[in-house]
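Asker: What TrEMBL records for this protein is below:
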- SER109: active site, phosphoserine intermediate (ACT_SITE)
- ASP59: Zn(2+) binding site (BINDING)
- ASP59, HIS170, THR172: Mg(2+) binding site (BINDING)
- 1-16: signal peptide (SIGNAL)
Amino acid sequence: MKALLLLLLLAQLCSASVPEREKDPEYWRRQAQDTLRNALRLQRLNQNVAKNLILFLGDGMGVSTITAARILKGQLQHGQGEESLLEMEKFPYVALAKTYNTNAQVPDSAGTATAYLCGVKANEGTLGVSAGVTRDRCNTTKGQEVTSILRWAKDAGKAVGIVTTTRVTHATPSAAYAHSANRDWYSDGEMPPDALEGGCKDIARQLVENIPDIEVIMGGGRKYMFPKNASDVEYPHEEKHRGTRLDRRNLVQAWHNAKPPGKVAKYVWHRRELLALNLSRVDFLLGESWHPGVP
């Protein structure tokens, strides 16, 4: 009986409607600014402007995971446990950020990526949009797009890049450039007919079109860039690695074509190709392996 009541409570929490104020991106931005102002009043911080910023993200690496890693490190290296310290715990400043979904008790990579890259909380399974967007409903997307720190940096004249061990179209990196009602719409081959008819773009296409001047893009999932059933360059006889695009487009070629005249753009799919590049003579780099990464 207790287990049934617990399940009913969790179901109620997960299905609870999102308050109207949480659908407004400005609600989250005002909250963030208030938090920053309060923090700045507590201590005198170094307020110099950083020249560069690199954001490392361990998917799912919350407080409990870090605690387990710290204990394991101590046990393996020092015969200790909790007394050990990870290198990042030696930094002079450490902060915590809440990256929950607006409509789910347990968050997913899409809504959380939207939180830490765009500063706005979103519904579970949605990317780069406000909580006004319902998962799978293409017609709720227009006008609800939110911008990311990558876009802000690019607009400020900075060079930007995305490097990931999973697909470049996966939820975690794609919130930096995409706006989608479903994190799984990697190519148009994964999209339902109503979404295609509604004019929504798949995530791989948005990678090429939304911010065409991203200097570095490296990760997995190249099959989403090529026409359906096109053979893979590395595994030509394996069906699971063939292209998935229904529109028959070659997005790698589209990526090349979008570059300004006089700029050098290089596409690589193997380590030896990457190492052979003279990076001082390359303006744009796209590197994609076949590996789809985490599910």
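Each Cβ is built from the backbone N, Cα and C atoms, and glycine gets one as well.
Nobody curates TrEMBL annotations by hand; they come from automatic prediction.
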Asker: Have a look around THR172 (Mg(2+) binding site) and count the other CB atoms within 10 A of its CB, chains all included.
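Answerer: So the Cβ neighbour count for THR172 (Mg(2+) binding site) comes to 26.
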Asker: Starting from each candidate's C-beta and looking 10 angstroms out, tell me which of the recorded positions ASP59, SER109, HIS170 has the most other C-beta atoms.
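Answerer: Result of the Cβ crowding comparison: HIS170.
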Asker: Of SER109, HIS170, THR172, which recorded positions are close to ASP59 (Zn(2+) binding site), meaning a Cα within 10 Å of its Cα?
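Answerer: Those near ASP59 (Zn(2+) binding site) - Cα within 10 Å - are SER109, THR172, in sequence order.
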Asker: Quick one: pull the CA-CA distance for SER109 (active site, phosphoserine intermediate) versus THR172 (Mg(2+) binding site), whole Å only.
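Answerer: Roughly 6 Å, rounded to the nearest whole number.
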